[in-house]
């Protein structure tokens, strides 16, 4: 190494290295120092010390030496993870290596030394002591070696005048072909060198031990070659006909062998032959240049083409060698009836004909054949037996050679039952009859399915039965009756017809709380769905017709009002649906008699009371009058006949004067009697009777009388002279005579006597008396008419015993006499002749002495016309009629006057008996008088009052007509109108009174779709106009309250309230948002319909109107939106329920969602949250459950009645996941259930073993006893009992030894363990009438609950 002045660069390197050694001495650890020298070009350095872009010639490029010293921790050190390679970039301050860099450069030199020493910032202690100084010195020697090499390079050619000088103090170790390892103290040679000092050239891979290395080159053995003798040599060098690869020859096309010297066959004869000098000799069955073709058998018999060893036969031939006639292909059944089979096949063009052979599949059937031409491909075999399985074979024929047959087995249909008809129909029964079959079969199945598909009845009958009476049907229900013939597993096409049972009417009708005008009716409603209850009642004799009320169906009672008292009524209550009316429930009742009303006293006397009352409305024939004194004495009862007028009178006689009586009057009709109408009344005090003047003097008058019968205090006698000064005297009640004295002589006295009791006074008895003697002096005539006269006279004194009145016409000698009582003071003469003079005389008789007669004369007046009457009255005229008078006269005078107007009169001849009055005013009251006239004398006036007729209103019309209203309008008459009378007629008339100022009237509460006749006339007082009329028909009222409910994905239930009027049907139209529209005709009796087949998540608008003939009502409408489907292919009823199918019924599920495994099941969507698959039901015993293994495996029965779903289906369903089991049992109103939280049935290999979980419920646990048991039937005994449990207990079950429950036992059998038993509920001696077994997914309740909550959110 040179001096410091000579080589400052080296000096700097040594300084740095010494620092490194010092650090190593101060902090010893076991490390490994690696020094790497990297020669590189140095960029030029500018004057300021920066780098310049200078590119000297190649030989003069500067040299840069980078020395990197990495002091590394050994690999096995625990701290090695903290160190990084020298070449890595350090990314963070904490993990960076401690780096010391020094750069030494000479501006005059083109050599730069860079020293970078990397020390780990953190290092663990080395496990050994400080490295030996020898190793460090070796590093220094290496450094000086590199410096010596640098001197050699930097000669005058590259460094020019700045060439470095120095001396070589160190020889190169490892000959410059390797590195010296301080660890092993030996050379590690570079590739291609070897030896202790790496001075010996080395052969590649040591010639692979297959040759000798000479001066670095391999001399290979004979069979090998290549640079390293690793390649195999090929035989003969492949003879220039191939390529040597890994010692094997890849020969050119057409040559082969190890050395490619042999000719080669095409494709090596495909492995189906051997190559002979380039030519293939093929094995048997192959041919071709390369033996690639297959030979065909028998050269395809000349009837085909050989391809790939297979014969492609000509039409009509087949087989491996085309030697056989080909059978028809694709034989199929295209039609089956009860007597024929239609077959089709693919025709072969070469066939000359086909032979069709068929015979019954059962034993003993004869074989029949038919031949058809070869161009046929269909045939219909006829005249077959219904319900028979036939084996059918078809042969193709070519040149009398038959092909092998193609066969099929076909069963003809059973014939459709014929002649289905209904013999008798009641509310709950239908008797059906049909025609028998002439061929053997197993039996009949008849079903009665209601229109709403809820319930239904199915019965199986022997083949000999052709009539059937089905009982227990619902009244008023439409049923589809279907009759099907059965044979083996076949069913005939159904014969069906619809029939409706009669609607049942109300029953147990009861009439109670009957009074005179009210009766209360109760009944039991009908079971059938009806539109209305008709209540009809009327009088038993038919008077007044019948009144009908149309009541709403829920009503079961009604109060009849405004009845006629005492009348017998007939009552009928029936049900109505559409035009069908049930048989009525009949009753009769009689209203009570109403009591007489307005009881009053018309007149009273001391011994009588005259009673008057208004008659009862009832046709009472008499009245029972009961009366007695208030003290209860003198009780009397009398029966009084009913008067013909509105009132009846009765006089109670022989009463005690001055006494108060209690009176009760009841109406009596037959055996009925009304409640009494009561009152109190008092008789008058009776007067003294027979008051007589017994004697008379100049100053006194003696009187006598008969005493009053009633209790009195005294008598009061009043006497009054003509001068008018009255006097009175009181007489004891015990006296009956009195003499009045000190009277004025020759004076007339008026004497009266009354009886008194307290303030009550009797009527007075009066008599006129005269002191001294006074005869009758004059007759007085008054009220003279053409036929009568009144005569009065004064009292004689003393009083006469009797009076004799004599009268006669003047010119007649035969007078007439009247004998009168001496007390009489007047008389009336009647029946006299008109215009005749009469002589009248009166004689008073005293004992045997008669007074002188007192005489007078009169002349009667003219008689008036008789029988005056009016006829032919019009608005402005009328005719009066009369009969002529008796007395002669000159003419008639007729006068008439309006109520407010002048009087007109006219004279007509005496021979007239009628007269026409004209030019009168309409609706005017006229007073008409007719009298006869003779000279100046006129008769009395015969008069009559009448009215001219009113003019009628005009142009009555009905406008603004609706279903329940119409407006009547008219033009009024000319005269004033007090009121209009409208008579509105449908079936019966209704009278309406309208004020006369109106010219229109609004009719309301009309019946829709009804024709009305309106007649009207005007009235004014007693006057009425002519009647005018019009007709109109109300519009059809629409249904109301259209509602959509039970909306699911594909259906919705529409319901409505029917219109009031009669209709023919409904027109229902529904339209979706996409514009599609459908119209349905719905029967009139329906009030709901379920729309099916709707689109999911679609809004529908529904419009409904009623129709009657060509009439249409208005529309009502509603909208609804169908739901979406959660499960595209539901695998159980729970998924159907979550799809929105909420109605219980028959659904289709897909096992595991696979559409190819569809099963029809009955879903219970209501019990305990719904979603149950019902797999067994017992309810009426119509289905036989004592069946074989095959039946229980596949299932049987009617899903809507009694059935068993089938063990295979139950296994498949329960294999979908965890299911729970519920068993519902009912006995009348009593119910119980059992619940098991796990349920599964094994497959057929396990004999359908039962697996159930924990029990819960109300019935007790009777099923756990059967846990793990296989299923047993009468023909598969899998129980552990000595006997066959299924045979012993007439069922099929998971029997053990034998059972605690037997839900498939015999229906209705109560013998021990023989029926449908559940031991822990009803024991073994009770057959449960209703059982349902059902299953659903165990987590359904949670899932459905989450679904509902999500929908709410």
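Just so it is clear, glycine is given a Cβ too, placed from its N, Cα and C backbone atoms.
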Worksheet item: Which one of 53, 1031 shows up in Swiss-Prot with the note N-linked glycosylation site?
Response: 1031
Discussion item. In Swiss-Prot, one of 82-106, 107-131, 132-156, 157-181 is tagged coiled coil. Which stretch would that be?
Written reply: 132-156
Worksheet item: What is the nearest of the glycosylation sites 197, 277, 469, 872 to residue 1256 (N-linked glycosylation site), using the Cα of each?
Response: 469
Worksheet item: How many of the residues that make up the domain 'Fibronectin type-III 5' (687-776) does DSSP mark as helix, as strand and as coil?
Response: 0 helix, 51 strand, 39 coil
Fill in: Close in space, distant in sequence - residue 872 (N-linked glycosylation site), Cβ under 8 Å, 6 or more apart
878, 879
Worksheet entry | C-beta crowding around residue 179 (N-linked glycosylation site), within 10 angstroms | 13
Worksheet item: Going along the chain, which residues six or more apart from residue 277 (N-linked glycosylation site) have their CB under 8 A from its CB?
Response: 263
Fill in: All-chain count of other Cβ atoms within 10 Å of residue 469 (N-linked glycosylation site)
12
Discussion item. Using a 10 Å cut-off on Cβ-Cβ distances across all protein chains shown, tell me which of the glycosylation sites (734, 790, 1031) has the largest neighbour count.
Written reply: 790
Worksheet entry | Neighbour count (Cβ, 10 Å) for residue 580 (N-linked glycosylation site) | 15
Worksheet, complete the sentence: Same-chain residues at least 6 apart in sequence with Cβ under 8 Å of the Cβ of residue 1041 (N-linked glycosylation site), in sequence order, are 1055, 1056, 1057, 1116
Worksheet item: What is the average pLDDT across the domain 'Fibronectin type-III 6' (777-863)?
Response: 86
Discussion item. Helix, strand or coil for residue 277 (N-linked glycosylation site)? Use DSSP.
Written reply: coil
Worksheet item: Hey, which of the glycosylation sites 197, 391, 1256 is the loneliest by Cβ count within 10 Å?
Response: 1256
Worksheet item: Can you tell me the three-state DSSP label for residue 469 (N-linked glycosylation site)?
Response: strand
